[in-house]
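J.: Got a structure for you, questions after.
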């Protein structure tokens, strides 16, 4: 029951007792006795008409496509209670299917040549294509061949979810399939299904290669399953907010490729089919032996060996995911298979790669580690040790230890997720190991200690000397494998001994972008540009679109969340989330984003506000959010009976809301975000309202602060929400004393990397007062020094004291100005 016919008579797909199989992960849909294979988890129920995620556009579009169940297990279709909703709505119009009985939802669409107020039609008498006036459509008389002007009759007998018979015979009730036309067989009493045929190869398939006649084009249009256009969320029935200018974004700029890609290479595959299975999981290489003799040699992957790669290596198969607190850092990750038995902790094999947080956050690295002997020694204990270094200064980040269990298995598989911290690793004071020429460090993932040796030593207690001459002077020696050093190279060095220099092209990264030479194992490009927040692109050559959001007559929260929605004619909306931390008196914040967007929703203090709605893309936008822009929660608009219904049952009430409450611009449901259009209809898209932004790293914030991030695995922003009396990026500072100092108050107001003229008024006033105090104090101190330096003033002790205090005051004034 996996959708694939494995048995000759399809017995594996017709198995009647599939739910009795001892497999807990099989998929069972409502009111069915079939349990599908887990590989069909996303599609199994849709095969029976049931779907977990039914797009809003399918509801009330005239086509019964999906079914769903309510809390009492009663099923409904997506056209339930749609009688009062307009059939000519934004998602039924021009989709190739007559949702209205008179076809007005398909009138004046671009796919027909007829002008407004008419429908394309084939005259049944002279068999020519004409434009039939709208008044003669759905009048009970068949004016067109196949009754294309009275389509509702066949639609009632054969709904779109069933057999799409749409050609109705002349003066008869028989409805035919497109395949029954022009098949040399008269299926209609009067033979009108064959009379118009010029050829008997009539096909309505979209991939048909022959040129259709005008009549065939019209009749093929009756099959909505072949011609219907899938509709996606759109905002063309809503008004722009705010009123936008004329600077339209070049969309190709935003969808430009972010990384270098390998050029397409035309390969000749004529020889590739000669030896497809000669080498098991390997590559066959034709080598020259003598003058007229060649020999096939197999190049085996690490997991196989033998003349034909026919044997499997005993190995460790490791899948590694890495994440880092520092989004702009570059790390060296070293994975080692270690023998834990001997005093030297022999390294069997290792693998090293470069991890760039901003580029590789979502990447899973798959690595093989082989044992030093074949077969492996089952009497030993093996483990995986992973070391991480920050590449800029070869700064040690941490080590992780994972024992290898069940050594009797030929292949041991490990899945590991590492979190790299930016905190400096401290030497442990509770270590019981005597580290002679090293430091005692605790593993990051367990309560166990080890000696991290200095560059010229190895062993459990760092008491075995080694020769470090095999690594370059500015690298870090980590260990020895088969008399070869494991060298950790700095950022611009590479090679087994870090002897080669890897440089970036001159000025390749624009706008202060940071160029990182690519790892030699990366085939994509020779460099990677890490761009500042304001720019993006392969070379940081593009400026991000800027959105300035001002909060008017609203409480200033600790942070706000912006949801950017990008709309498309070919897919559901794409959502991007950005967080911004706000200071105590900050009313305006700026978002910068590299992708186009049409809608922006701002979440502030648990409420949602419509910030931007644009039909044509703009580069820079300034918008206001205020209470009138709030997207009200449906719990405040609908009664409790409706809100307890399943999401799909609530949809029909959304239209009633927009029709009766003309003052509402948007509202939000636990499952949907809805706009009220200009014609007072609901236009909704899926939206998870109760989203959890809790950080995956529990130790990122100090002093019990709450941590939030904009992505569960690859966050671009982490924000610490500090408790009372704490402040700082990680809430690491404590406001001591009975009250707040001037530094603490201004610290919330001060904007980083911003000139004084663009700072808030409180900062400007404070700066002006500081300058006045400094100027007056300096003048006063200089005059005092000039007076009390005279010999006459120093004849008594008070004069000397006043001279000393004048010098002290001068120093205090200078420090006061520098501190500000």
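Each residue's number is its place along the chain shown, starting with 1.
Yeah, the Cβs are placed from backbone N, Cα and C, and that goes for glycine too.
Copied straight from TrEMBL:
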| type | residues | note |
| --- | --- | --- |
| DISULFID | 82-100 | disulfide bond |
| DISULFID | 94-109 | disulfide bond |
| DISULFID | 182-197 | disulfide bond |
| DISULFID | 453-462 | disulfide bond |
| DISULFID | 531-540 | disulfide bond |
| DOMAIN | 427-463 | domain 'EGF-like' |
| DOMAIN | 500-541 | domain 'EGF-like' |
| TRANSMEM | 765-788 | transmembrane segment |
| TRANSMEM | 800-818 | transmembrane segment |
J.: Go ahead and report the DSSP secondary structure tallies for the domain 'EGF-like' (500-541): helix first, then strand, then coil.
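T.: Its residues divide into 0 helix, 12 strand, 30 coil.
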J.: How long is the line from the C-alpha of residue 540 (disulfide bond) to the C-alpha of residue 453 (disulfide bond), rounded to the nearest angstrom?
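T.: The separation of the Cα atoms works out to 40 Å.
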J.: Just counting, how many other CB atoms are there within 10 A of the CB of residue 182 (disulfide bond)?
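T.: Other Cβ atoms found within 10 Å: 20.
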J.: If one measures from the C-alpha of residue 462 (disulfide bond) to the C-alpha of residue 100 (disulfide bond), what distance in angstrom results, rounded to a whole number?
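T.: Approximately 83 Å lies between the Cα of residue 462 (disulfide bond) and that of residue 100 (disulfide bond).
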J.: Using a Cβ cut-off under 8 Å, which residues of the same chain at least 6 positions beyond either end of the transmembrane segment (800-818) come close to it?
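T.: Contacts with the transmembrane segment (800-818): 770, 773-774, 777-778, 780-782, 784-785, 788-789, 793-794.
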J.: So how many other Cβ atoms are close to residue 540 (disulfide bond), meaning within 10 Å of its Cβ?
T.: 21
J.: Enter the number of other CB atoms within 10 angstroms of the CB of residue 94 (disulfide bond).
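T.: Neighbour count, Cβ to Cβ under the 10 Å cut-off: 18.
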J.: Please identify, among the disulfide-bonded residues 109, 182, 197, 453, 531, the one with the smallest Cα-Cα distance to residue 100 (disulfide bond).
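T.: Given the candidates 109, 182, 197, 453, 531, the nearest one is 109.
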J.: Cα-Cα separation of residue 109 (disulfide bond) and residue 82 (disulfide bond), in Å?
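T.: Rounded to a whole number, the Cα-Cα distance is 24 Å.
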J.: Could you check which of the disulfide-bonded residues 82, 182, 197, 453, 531 is the closest Cα neighbour of residue 94 (disulfide bond)?
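T.: Out of the listed candidates, the nearest Cα belongs to 82.
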J.: Which one is it, among the disulfide-bonded residues 82, 182, 197, 531, that lies nearest to residue 453 (disulfide bond) by Cα separation?
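T.: Of the disulfide-bonded residues 82, 182, 197, 531, 531 has its Cα closest to that of residue 453 (disulfide bond).
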J.: Within 10 Å of the Cβ of residue 82 (disulfide bond), how many other Cβ atoms can you find? Include all protein chains, please.
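T.: There are 19 such Cβ atoms around residue 82 (disulfide bond).
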